[in-house]
Structures are given as structure tokens and as C-alpha cells.
Amino acid sequence: MNLSTRRTFALMLVALLLLAVNLRLAVTTASVLLPLLIDEGALTPRAAILIPALPTAMFAVGGVFTPWLSRRIGAVAAVTWAMAAVAVGMLVRFAPHSAAIVGGTVLATAGIAVVNVMLPALVRATSGSRIRSVTTAYTTVLSASAAIGASAGVPVAHVFGSASVGLGSWAVFALLALVVWVVAARGHDIDGALAAPVSQVRTPLPQGTWALTVFFALQALLAFVIMGWLPTIAVETGISPARAGVLLGIVIVVSIPAGIVAVSMAHTLRGVRIGVVAVSLGTAVGMLGLWLAPSAAPELWAVLMGVGMAAFPLTLALIARAGSGAAEATRVSGVAQGVGYAISTVGPLGAGAWYSSGGEWAPVLVVMIAGAVLQGLIGLILASAPRAPKDGPESRGTTVDPA
């Protein structure tokens, strides 16, 4: 690899990492600021119910339409317009009004939905033999930025003296990602790499796609209930809003090293089995502790849930290796995320509806525990059939392409 090629790859890597930075910021910052936004009158309690549910709903729509959009206008243009939507949506949330905050969240999460689907395929199209290492890097950055948003969301709002201004200020990262992406994309034939032949578009999905979709749906349901409602649950147990945000930060910080380990396991059957059991047990035990002893050791429950959150990067690693190439990986990603997020919307929306009705959190936590157990069982099914590796192996051992 000559100097020019290394620079081109390095710039694309920076662009991919900046895209990843924005995949959860709009979600976690809004989540931790919900109590303050309501207290300041910027958001009504009824509108607040929508905020944790909107991401999964928009991600579902994005999962269905992104492969079509990519074929229609090209992958580069799709990601460019998506990041512009993220930036504008987050800027709109500066306004201290329910319509602006809800509308901005819709626009921002719609853009994130497109990038969600495209990113695994972009990694495959631009990383060559470095798929696993780049996947590890971007999922780590994704988790780290989500943790920063969760932990710093309330302090940043206090600095600005306004929850809505603090919420909108995070748009700077979306603007930066948009600029770097536009520059970096010029050095790669991304549209050519992701162009699927008509015959491939019409062929059946790769074996295991639906098991991967159900696993994705369950991990998303669990993750978005945690990201959307953990701070509220903690506040209701008597914990301060700032500490409640820190608890969510702990969840996401722990998910970073857990995610690195999970991604490293994703290339072998044994590793996938161990990974799905570990993440499912983490969520189940963490939720059990939150149910039975919420104030006894909340940080410990947060740590365990953080291990469970590694299910997301594990799933992304499996999607990135799905099918026979980058174009087919885009198809699998679209199905897994579109259908998966549609199913998972029931989680945060149902939790919000139950909360607004005045119900206690115990039934929600019991359902979450059951979901974590089911996730583990589906994950074991997902890892049951080895196939030949695609695009060249990156390590020795029994390889797996569950999709």
C-alpha cells in the first residue's frame, strides 16, 4: 500500500468513525434530558413518551427503504443526505417546544436510520481485509459517543442554562461528520462496490437472515428500553437526574470493551455462542437486580446491562460478514434492521405507555428479562450452521457467516 492509498484509507476511516459517533448521540442525549425538558416546559409529558420510541420506529422505516434508496441515488448520496438530515434535525431541537423537539428527533433519527443500514456495507466496501478491525473500531466509537452523550448531556445543559439548547448543541458532531464524509467519499468507488446486479436483488436472502433479524429485533428492543427509560426508572427510585444519567453512561461505557470482545468472537461458531450467552445473561441479571433491588447496587446492575449492550456490535459484525459481498450485506442489513427495528418499537413505546398510565415498572422489567432469555436462545440457533468465510478469512479457526 503506497502513501496515497494509505492516506485515502485513513481519511475514509476517520469519516466512518465520525458517522458512527452520530448513531446514538441524538438518542442518549434526549433520554437523559427528558426530566429536565419536561420541568422546563420545553416538552409535554405526553410528547415525552414519543422520544424513546421514535428511534426504533424511524430505524424500521429506514431499514426497509435504505437499500432501495441506495440503488436509486447511490450509496454516497444516500449517506450524504442522511447526515444532512441528522444535522438539521439536531439543530431544530434547539427550540424549546414539543413540536420542534419531536420533529427534530424524527428527522435526525430518520437520517441515522439510513446510516445504520449503510455502515456495515460501507465497511465491507472500503476496508478490504480489515473488516473485523474496522468494525471493532466503529462500534467502539459508537458506544463511546453514546456514553459521552448520556453522561455529559445533563452537565452540558446546565452549562448552557437550558435543556433544549444543550440538546441542540450536539449537532456540531453531525456537521463535522457530514463534511469529512463528503471529502472522503471522493477517494473511493463506493457506488460501484455496492451496486448489486439485478439477478442478485431478485435472489432469496442468504441462509440465516431471519434468525439474525429476530436476534437483532430482541437486542434492539432491550437496548432502546434501557437507553430510553433507565434514567427515568432510576429517578423514580430516588436517584438524582445527574446520577441517573451517569448510570446510563456506565451501561454504555461498559459496553465498549464488552463490544470489542464480542466483535472479536464473531468470526467463529464457538465465539458467537459464548458471545450470545454472555450478552443475554448480562441483560437478564442486570434487569433482575433492577427489579428486585433497584437502589441496593444500581451501578452493578448498570455494569451487567452494559455487558448485555454488546449484543449490538456483535450483531453488526455478523451483518458485515453476511452474504457474498458488500451489496448482499446491504440487503441483509436492510432486512435485519428494517424488520428488527419495527418489532423492537414495541419495547420503548410499550414501556412509555405503561409509565404514562401510572403503572409500576416491575411488569416491564419482567418482560425485559424474558426477552433477554429468548435473545440467548435465538442467538444459539443463529450460531448453529457454519459456512465458508466471505472476502477472505481474517483469522484461523472455524469461521461463521450466520447470515
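Note: Cβ is positioned from N, Cα and C throughout, glycine not excepted.
TrEMBL entries are annotated by machine, without manual review.
Taken from TrEMBL, the feature transmembrane segment applies to 50-69, 76-95, 101-123, 135-161, 167-187, 208-230, 242-262, 274-294, 300-320, 332-355, 361-383.
For the transmembrane segment (50-69), the list of distant contacts is 26-27, 30-31, 34, 43, 78, 101-102, 105-106, 109-110, 112-114, 116-118, 220-221, 224-225, 227-229, 330-331, 333-342, 344-345, 347-349, 351-352: same-chain residues at least six beyond its ends, Cβ to Cβ under 8 Å.
Sequence-distant contacts of the transmembrane segment (101-123) (same chain, at least 6 residues past either end, Cβ-Cβ under 8 Å): 16, 19-20, 22-23, 26-27, 30, 37, 42-43, 47, 50-51, 54-55, 58-63, 66-67, 69-70, 75, 78-79, 81-93, 95, 131, 134-135, 138, 164, 167-168, 174, 190, 194, 316, 319-320, 326-327, 329-330, 333-334, 337-338, 341. With a cut-off of 8 Å on Cβ pairs spaced 6 or more residues apart, the transmembrane segment (242-262) and the transmembrane segment (135-161) reach 3 or more such pairs and are scored as touching. Here the transmembrane segment (167-187) touches the transmembrane segment (76-95). Their Cβ atoms form 3 or more pairs under 8 Å, with each pair 6 or more residues apart.
By the Cβ criterion (distance under 8 Å, sequence gap of 6 or more), the transmembrane segment (332-355) is not counted as touching the transmembrane segment (274-294), fewer than 3 such pairs being found.
When Cβ-Cβ distances under 8 Å to the transmembrane segment (208-230) are tallied for each of 76-95, 274-294, 300-320, the top count falls to 300-320.
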